[in-house]
Amino acid sequence: MAERELSVAILAAGKGTRMRSQLPKVLHKLGSLSLIERLLRTVLTLKPHRCLVVVGYEQEQVRQALREYPVEFVEQAQQLGTGHAVQQLLPVLGGFQGDLLVINGDVPLLRAETLQALVERHRQVNPEVTLLSAQVADPYGYGRVFCDAQQRVLELVEERDCTPAQRQNRRINSGVYCFHWPALAQVLPHLNRNNAQQEYYLTDAVKRVGKAIALDVADPQEIVGVNDRRQLAQAYQILQDRLKEAWMEAGVTFVDPDSSSLEETVELAPDVVIEPQTHLRGVCRIGPGTRLGPGSWIESSEIGSGCHILYSVVSHSRIGNHVWIGPYAHVRPHSQIGDHCRIGNFVETKNAQIGSHSNAAHLAYLGDAKLGSQVNIGAGTIIANYDGQQKHFTEIGDRSKTGANSVLVAPLQVGSDVTIAAGSTIPARYPLPDDCLVIARSRPVVKPGWRLGIRSSRPQEPQPMPPGSLKIYPLRLFPGQDLKQELERLARQQPLQAGFVLSAVGSLSQATLRLADQTGDHLLSERLEILALSGSLCPDGVHLHLTVADARGQTWGGHLRPGCLIYTTAEIVLADSPEYRFSRQPDPATGYLELHIQPVAGDPCWPSPPPQPQQNQQTKPEADNSRPKSLQ
């Protein structure tokens, strides 16, 4: 007897209300593919005679998404249940005499082997319908399937209609059926909506069609349906677990599988190590012994053997063997990195070809460029490839080097064995022949008296401190003493003219601080270590900031306030300058008492009158040193 033809119907007309989305449920992505695309690719491996997709809600979006697949669309104008959806096939299939596989479009994890086993079982036993069931630990929410010892279906009961005893049954209905179409076609017109949902149920057709048997799926995770975002996330986790388990069996290490992800289009060689927080997307091929991550994103790229990519992004590029990338590098599309190269921290490449044994270790932009072998790019080198209208190309020959903070304005041709001095800006199209040193920077210009011209806008100017003029006051405070009160007392008794803190260590049993942008005091009632104490001291008062750390290593800092009590000791070194006199005076700009600095001899540092403009002075024109000088 000839094998019956197989057709497939995928039910994809529903809105998916629980997804709370304008996008049809079946078009939500699970990894790189939509739910229905994943199912469709599995179904097409069965090579069905016809593949029918029932569409309804936002059907144009579904039709557009599946336009490249060999499917036929059947419209369900009103969504009146699964039975109603299959009724729409009656005029389409007509006199079809084969089997019809019916699957909901939101079951993306079915394996081809499972569907093939369902069809084969159906043809061996030859019932009117074979349904796919599963034994699960928690059947809540699913309709139950009741069978005899020969797996013949005795009854199908929806969850809401189950008695307490029936709810103990752990065999559930997956909603996947293989019907003999002529038998199904006879009962479809007789379905009714005599139920709470006022819908046509396909399960009613199963009950009416005749002999029905069940086949348990080996892995219940295959029949997980996606009805909301939570279930979408669960399905994604199952998909990831499948992929990672397969690659680990093939010799790939996932240091923390739960924190990494990849897609089916990724190809990993043995001894690849995937560090935590690393994600691979698109068509990727990774060579043996390469370590990816932690914290890296690889997209549609080919990476050779023995590479390490650390905290970096590589997109649509090709990386050679034994290449180090990162941390924090960005290899943008159309980059080609040769063998034994280094692309270091904060280096960005775009449409760049970099020859073997070349390095860009840090802080560089290499866009629209071709670098030879053994090229060294200094820190801060920028290839200025865009003129505001179009991109231009730069080529650098073998063994050439750029100094720190060099700018190469494209288009530019740099020969081999060229050294570009630090700080040079090379204009576009400037000739740089082989084996030359190029220096393209201006000579320094020194303008005496410059600070006087800006003093009025900078009211607090530091003054030179004559060597050996400081007076040093070391002191130790004892348990229970108040840190601020003792320092204020010392500033008054000495008295300190222009005091400040050189160093401070010790411990506190409690600390009182005024934190940034706060008006009240903050009390820390625990033992603390003094990390830093800084500020000024004078007879008018002290202005000190304190930083402390607790037993967990958490730090606190703010204005020193009364209530900072010594726990074991405080060892403090103060200094006083006899060359100046500090005081606290109202500042009209801030409204607070601020530091006023008065040299012992001379005018106050601030405020001071603005400088008078000098008359009849002409500036001598400077020489034009902007053009580069090449030294052959």
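Glycine is treated like the rest: Cβ placed from N, Cα and C.
These numbers come from a predicted model, not from an experiment.
Sequence-distant neighbours of His362 (active site, proton acceptor): residues of the same chain at least 6 apart with a C-beta under 8 Å from its C-beta are Gly344, Asn345, Phe346, Val347, Ala379. In three-state terms derived from DSSP, His362 (active site, proton acceptor) belongs to an extended strand segment. The annotation active site, proton acceptor is assigned in Swiss-Prot to His362.
Per Swiss-Prot, UDP-N-acetyl-alpha-D-glucosamine binding site is recorded for 11-14, Lys25, Gln76, 81-82, Gly143, Glu158, Asn173, Asn227, Arg332, Lys350, Tyr365, Asn376. With a 10 A radius on its CB, Leu11 (UDP-N-acetyl-alpha-D-glucosamine binding site) counts 28 other CB atoms from all the protein chains.
Sequence annotations record features per position, and here Swiss-Prot assigns Mg(2+) binding site to Asp106, Asn227 based on similarity to another entry. Long-range neighbours of Asp106 (Mg(2+) binding site) (same chain, six or more residues apart, CB within less than 8 Å of its CB): Gly14, Gly16, Lys25, Val26, Leu35, Gly225, Val226, Asn227.
Sequence annotations record features per position, and here Swiss-Prot assigns acetyl-CoA binding site to Ala379, Asn385, Tyr386, Ala422, Arg441. Using a 10 Å radius centred on the Cβ of Ala379 (acetyl-CoA binding site) and all shown protein chains, the other Cβ atoms total 19. DSSP gives Ala379 (acetyl-CoA binding site) a coil state; it is part of no helix or strand.
Taken from Swiss-Prot, the feature compositional bias 'Basic and acidic residues' covers 621-632.
For 1-229, the entry in Swiss-Prot reads region 'Pyrophosphorylase', with the evidence type similarity to another entry.
Within the region 'Linker' (230-250), the DSSP-based counts of helix, strand and coil residues read 20 helix, 0 strand, 1 coil. The region 'Linker' feature in Swiss-Prot is assigned to 230-250.
Under the heading region 'N-acetyltransferase', Swiss-Prot lists 251-632, citing similarity to another entry as support.
Taken from Swiss-Prot, the feature region 'Disordered' applies to 600-632.
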Cβ contacts under 8 Å made by the region 'Linker' (230-250) with residues that lie 6+ beyond its boundaries:
19, 28, 30-31, 108-109, 221, 224, 257, 260-264, 266, 268, 270
Among the binding-site residues Asn173, Asn227, Asn385, which residue has its Cβ surrounded by the fewest other Cβ atoms within 10 Å?
Asn227
Just name the most isolated of the binding-site residues Ala13, Ala422, going by other Cβ atoms within 10 Å of its Cβ.
Ala422
Largest separation between Cα atoms (Å) of residues that the record links to acetyl-CoA, namely Ala379, Asn385, Tyr386, Ala422, Arg441:
22
Under DSSP, is Tyr386 (acetyl-CoA binding site) helix, strand or coil?
strand
Under 8 Å Cβ to Cβ from Gly143 (UDP-N-acetyl-alpha-D-glucosamine binding site), same chain, six or more residues apart: give me those in sequence order, or none if nothing qualifies.
Leu156, Val157, Glu158, Glu159, Ile172, Asn173, Thr203
Same-chain residues six or more away whose CB lies under 8 A from the CB of Gly81 (UDP-N-acetyl-alpha-D-glucosamine binding site)?
Arg193, Gln197, Glu199, Tyr200, Tyr201, Leu202
